[in-house]
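Only one structure is covered here, and it is reproduced in the block below.
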Amino acid sequence: MSRRVRRKGAQSKDKGKANLHSYSEICHVSSSSEKVEVDWTSLPDDTVVQLFSCLNYRDRASLSSTCRTWRALGSSPCLWNSLDLRAHKCDAATAASLAPRCAKLQKLRFRGAESANAIMHLQARGLREISGDFCREITDATLSVMAAKHEALESIQLGPDFCDRISSDAIKAVALCCPMLKRLRLSGVRDIDADAINALARHCRQLAEIGFVDCVSVDELALGNVVSVRFLSVAGIRNIKWSSASQVWNKLPNLTGLDVSRTDVSPSALSRLLSSSQNLKVLCALNCPLIEEEGNYTACNHKGKLLLTLFNDIFKGVASLFADITNTERTLFSDWRNLKNGDKSLNEIMPWLEWILSHALLRIAETNPQGLDSFWLRQGAALLLRLIQSSQEDVQERAATALANFVVIDDENATVDCGRAEAVMQDGGIRLLLDLARSCREGLQSEAAKAIANLSVNAKVAKAVAEEGGINILADLARSRNRLVAEEAAGGLWNLSVGEEHKGAIAEAGGVKALVDLIFKWPSGGDGVLERAAGALANLAADDKCSMEVALAGGVHALVMLARSCKFEGVQEQAARALANLAAHGDSNSNNAAVGQEAGALEALVQLTCSHHEGVRQEAAGALWNLSFDDRNREAIAAAGGVEALVSLAQTCSNASQGLQERAAGALWGLSVSEANSIAIGREGGVAPLIALARSDAEDVHETAAGALWNLAFNPGNALRIVEEGGVPALVNLCSSSASKMARFMAALALAYMFDGRMDEVALIGSSSEGSSKSVSLDGARRMALKNIETFVRTFSDQQTFYAAAASSAPASLAQVAEAARIQEAGHLRCRFLLCLVLRLEGLLLCFGILPLSLKHVLLLLFSSLPSQVADMQCTMRAYCRRPVQLGSFVLLLHQQQLPLKRKSLQRLYFEILNTTMWRLPFEA
């Protein structure tokens, strides 16, 4: 599964909003299908305002336009006290249209450079707090103008993604324009020099919190001049001179909290800070290599100061800040939030502590350093679950994102740590995340859905998610108008749909329709949402009933559209896989034909076999293989250039993955059912790569390559090509040594087809396009083939055991012989083809003077053990037994009566009789 770590910005809790019910109470996502009639015009004004508060700004503005009353209510100042622009694209025109409502706007969240530039058009001169994420493209000019237009700013936060294009010049502009600034949090700024920091110290006298996180360079001495600072975070900065910093920072008169997580702070500097800083109460040093190597800081309390490291008990340490208010250490965060008259100093420390812990744990989860399993299982997972219950939305989002990341071991192969995932589940994390996903805050919905998606890779967690009603919640979120929310919800459905037990529930929840609609809603919305939607549909399409749901919802057209027009390789791969699974139910529904009849479908799949991405080539070949079961599709694929494309694919996949090799050979196998296609494959050079694939080490490749060569061998010209290209030794090797009984069976039949006498005439004139055949010994090849065919036939059962069982008809004896003869993998094959091929073996051995076993009895026993296609089996066997003259017996009779027939004539007589019957059919994959 593909996962994309989406980093979120921060936003403080809105304290100025009217006293409304909680978001989860008002607008949790309902999974009920019941419809209730509501007279919207009779709702009280406060109820309407509550409903408005649950909407993003675009929906709120749209709903305000329905009538004059709602227009007035929709413009209530309490609704526009804070604004989150992240849900949708916000340009200058959008901002200008919102400006009349934003006169009293105080808090603003945005995403990306375009929204940052549009903020100027809101004309919110009284803006107090700005928080932005996806800030890599924000420049000095944008930040400077933002500060100049909003001189009343008290909080600026950009991150946690890096602000690569912001420098000290913009920070100086902020210091000059925003004298009331109290909080400044910046992530990933390249260089923060002394001039910028000193400007903050001179002009921002109320600056109580500084967060310079993951910056390349910060002047540590200048930070000692910001005497107003109470909380300082320099997490992730590697170039700090700690001997100088510890001497300067311990003199800061108001410093209460210091975060040095993920730095190379030395033990001596840490000791100096703990011993010399008079007012310091909390020092956070998570994931500091030099501290962890020494391992001397396992105690939480040092001279009355709280030290947080990965080695000590963080819950116990934080509990030491309280004056006996908690019953258990694990509930201390919730106990603090429930306090009505708490300590003022503690009420300042705890929000900052939540923020730095969420940020540190997110960064640690993203990098996933070795040796932290004990930390995550002992307290890390529990910490994240407490933080997602924070009253700070940005803390909740980061904690949810960290939960999504810390369980992932291998992102490319969608592997999660079972212990970590189950630790989250056992601590009640699934219910907490689902409650977060039901929130009306779209940022929380997105991050919670992402965490649920990643955790659901674990089968036990997936079961818990389903039992807690998570499938309905994710299906509803997949209908969101917010692309990021819908994308993560689709990812959750993708992972849940891996389990067979969840497919039906997803369909019942309307998930199939929601996923198909996503493709039509955002056909060019980026690879994330489209890949996840197509991947989920691919999993669902593997189920027969769900595949019908996909087709009825318009999934065939949607997936073909992606295969034809989408340029993202991940999307192409999942779309092709989905089409392959839809086409895999040819006998039970009409999806196979429907895919083939969709305009441009076959041409697109043929084109995808030429992709540079191996996964795309593999899934496209698999789709063509399944589609080739349909007669019309088979010819249409060839007409679309499928023969040439698949032969080229087979020629170039000798060093590719087993899956690609299997599907390339399988697609040629399917196409070669048609005699015209079989000839075309041979003419295009398809014999040599199939022989090469027959030499593969993989059993699945053995089967498809042998099946394709089997069908090709029905044509005398192709049979000669197989001999010329060295195919006989390859098939003999398969027949004698492959671990797959099915591969041995098909290799034996391929050899039987090749040497039924028809190739001899072709060999006289040559088969190659140049008019001359390669020099080969047909007699030697024939002897090798017949010898191994006889050996293969005798492996079905011991001769004496077989005849004894056939004579006695004892159930136990017959069952023993049947089990020895049964080909497990042949359960899906059409019985008439098996019968045809066993007859060929029987006749070939007779004609060359080899006494065969009674393969008719073997066939009867084999068919009696197959659970499927009973009606077809019975009809086939009745036809076999009612023939006026048993072909094998007829040939044997001629041989016993010593009629003047040469062996070659006997051979020709047998196969002429055989080829005039209904059994003259190639094998269909």
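In case you wondered, yes, glycine gets a Cβ from its N, Cα and C as well.
In TrEMBL this protein carries:
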DOMAIN    37-83  domain 'F-box'
REPEAT    428-470  repeat 'ARM'
REPEAT    469-511  repeat 'ARM'
REPEAT    510-555  repeat 'ARM'
REPEAT    554-585  repeat 'ARM'
REPEAT    600-642  repeat 'ARM'
REPEAT    641-686  repeat 'ARM'
REPEAT    685-727  repeat 'ARM'
Check: Any idea what the model's mean pLDDT is for the repeat 'ARM' (685-727)?
Finding: 92
Next item on the list: Sort out the residues at least 6 away from either end of the repeat 'ARM' (554-585), same chain, that have Cβ-Cβ distances under 8 Å to it, and list them.
Entry: 2, 512, 515-516, 519-520, 523, 526-527, 530-531, 534-535, 537-539, 541-542, 544, 547, 591-592, 594-596, 598-601, 603-605, 608, 611-613, 615-616, 618-620, 622-623, 625-627, 629
Note to self: What does the DSSP secondary structure composition of the repeat 'ARM' (554-585) look like, as residue counts for helix, strand and coil?
What the structure shows: 28 helix, 0 strand, 4 coil
Next item on the list: Please list, for the repeat 'ARM' (641-686), how many residues fall into helix, strand and coil according to DSSP.
Entry: 34 helix, 0 strand, 12 coil
